[in-house]
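J.: The structure is given below, and queries will be raised subsequently.
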Amino acid sequence: MASEAELRKRNTPKSTKADLKSDEKEQKPKAKVDAEGSRAQESAFSSTAFIVLAVLVAAAVLVYLNPAVVTETVSEFFGFEWDAAPVESTRAGFVADVEKRDAVKAAFRHAWLAYERDAMGDDEYHPISHEGTNLTEAGGIGYTVVDSIDTMLIMGLQDEYERARQWVAEKLTFEQDANFNTFETTIRVLGGLLSAYALTNDSLYLDKAVDLGDRIMPAFDTPARLPTSMVNLAKRQGVRAEDNKGLVSTAEISTLQLEFRYLAYLTDNDEYWDAVENVMRTIRSSSLTTGLASIFMNPEDGRFVLSAIRLGSRGDSYYEYLLKQYLQTNLTENVYQEMYNGAMDGVHGHLIKKGQYSGMTYTSELIPERNPRGEIQWRLMPKQDHLVCFFGGSLMLGAVTSGAVRHPVSIPPRPSELTPRGKRDWQTGVELIETCVQTHDTATGLAPEIVHFRIPSDNVVGSGVPQDWYIKGAEPWAPAPYDARYILRPETVESLFIAYRLTGDDKYRRYGWKIFQAIETHCRIESGGYASIINVDQVPVVHEDKMETFLMSETLKYLYLLFEDDSVLPLSEWVFNTEAHPLPIINAGRKANF
Ligand SMILES: *[C@@H]1O[C@H](CO)[C@@H](O)[C@H](O)[C@H]1NC(C)=O
Ligand SMILES: *[C@@H]1O[C@H](CO)[C@@H](O)[C@H](O)[C@H]1NC(C)=O
Ligand SMILES: *[C@@H]1O[C@H](CO)[C@@H](O)[C@H](O)[C@H]1NC(C)=O
């Protein structure tokens, strides 16, 4: 057991949502090529684009010659005959699976009550040592409490909710003289407060949200008006991160928009709105012709910096929020639909791949590298973070909104209700969810943090080599690599929840129930709380002494909603921020003017 405390010291990730350890390993070579800027990137891209175009043309010719190919695969994934069954109702009206829903609720109480007993008010919780810690020495900012409040409201946990509210009223203060991550603080704490307000109309939460929002706003004071990655909440000052040469992550600067826009809507203060809309304007004006975005930008000149392109860490929620910004303002801001369409075309052109042997659909990363002649080339890396698993559900949600020819569509949508893009995205989304579910095919039934898919040049040899995917560096005799862990992440169950709401297909509830049971079996700590595990392929498991806040804000919330009646938080009225905090769709009466 002593080893568990050691593990915690070594492994506690700081900014888990956006920062993967293996990400850091990649930083160094990238930084060297930073100076080239995005022009080189663009020209390197055009050669890739040309090849992709050629492939597309070839594919189109094939489809033209044999149209049955497409219809066949598409209807297979829809699971019903194209336009055969008339669906009159646009609401499935699925009923709750009360027993499973309440089992998830009991799990939430098991997590919360342990935290409350051992660490109430501390930012983070360590369920094995029964202690809490704060993000900084200055003191906590309600990271866990505020992140959990809306889940209690949704689950109807009145007593727990009252105590959490009392803590916010009496103890929560943002007057902390230390640097906090701008993005994490916005999605978890500001998002949590705004969602609690939306669900209660209790002015306590709005007052706190305004106070926090005002303290974060100075982060936008950079030459290009892109927010710094850190902010000192007491001094009200943006702070550049020392790592990454003061560059900012694309996902981090483009995942503040739902929160600040809703704050502007509630307060009639346009400054919040302008600050985050400006970021989107800058991204749009510097974006690449492919619609894809590299994971770093320079806050000095507002340009993309040559760096990896991916749907995983530092890239993920850029794509998520393109869609959700369009949804939040009730499909009125066409600029976000345009950006989203461009991005999805780029993703399909460059990042979506099929397993060489298994045919599984997965997402790849593009890594810029210099060849011996000093030219930049993009290497395709068949690596998929667990973080990417939000994307299947996101694609399906995009298909029935941005990709629909009428609103609302049936459940599930009929092909005639979707545009060609909508059909493409729906199908890819359905396939990606299957892939993410298959990555749970491990000794524990839990998915690893990062998987690699087989490609012919991967040199993975030996007996028992998998045909489809593997955990890089995992050897029976060696310590588990970083990639092998499961840290209670929500992304797969998030997609399952969305897919269930949009299809009514019971298989998504079955998948979710299996994942929930695996969490119960392997992550639950008897004395209270849940812990991460360091190797999904090892039973009995070795725990890491940490319960991430997103267990209570996201993983258990999405599982609960998967089994709940669909009149609770309908997707036609609510949009979930990237930390699963629901915010209402608004009629703001203003539109982006760029
Ligand atoms: C965390 O911060 C809060 C608020 O400042 C403080 O009350 C608490 O004692 C701190 N906890 C730890 C473990 O330092
Ligand atoms: C909050 O107030 C708004 C506007 O008056 C209202 O539409 C909404 O139903 C209220 N929500 C709750 C939970 O009371
Ligand atoms: C969103 O738009 C639809 C259709 O135009 C409308 O019926 C609905 O009331 C709008 N929602 C809000 C919150 O404005």
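Yeah, the Cβs are placed from backbone N, Cα and C, and that goes for glycine too.
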J.: Scan C389, C523 and flag the one TrEMBL records as disulfide-linked to C436.
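T.: Disulfide mapping in TrEMBL sends C436 to C389.
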J.: When the Cα-Cα distance from C436 (disulfide bond) is computed for each of the recorded positions E184, E449, E491, T578, which gives the smallest value?
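T.: Result for C436 (disulfide bond): the nearest of the recorded positions is E491.
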J.: Using a 10 Å cut-off between Cα atoms, which of these active-site residues sit near E491 (active site): E184, D316, E449?
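T.: So the list reads none.
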J.: Between T578 (Ca(2+) binding site) and C389 (disulfide bond), how many Å separate their Cα atoms?
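T.: C389 (disulfide bond) has its Cα 13 Å from the Cα of T578 (Ca(2+) binding site).
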J.: Return the count of C-beta atoms lying within 10 angstroms of the C-beta of E449 (active site, proton donor), excluding that atom itself.
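T.: Around the Cβ of E449 (active site, proton donor), 23 other Cβ atoms lie within 10 Å.
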J.: Of E184, D316, C389, E449, T578, which recorded positions come close to ligand 2, meaning Cβ under 6 Å from one of its atoms?
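T.: Checking each Cβ against ligand 2, none of them comes under 6 Å.
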J.: What's the number of neighbouring CB atoms sitting within 10 A of the CB on D316 (active site)?
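T.: D316 (active site) is surrounded by 26 other Cβ atoms within 10 Å.
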J.: Taking only the recorded positions E184, C389, E449, which one has a CA atom nearest to the CA atom of D316 (active site)?
T.: C389
J.: Please work out which residue of C389, E491, T578 has the most C-beta neighbours within 10 angstroms of its C-beta, and give that one of the recorded positions.
T.: C389
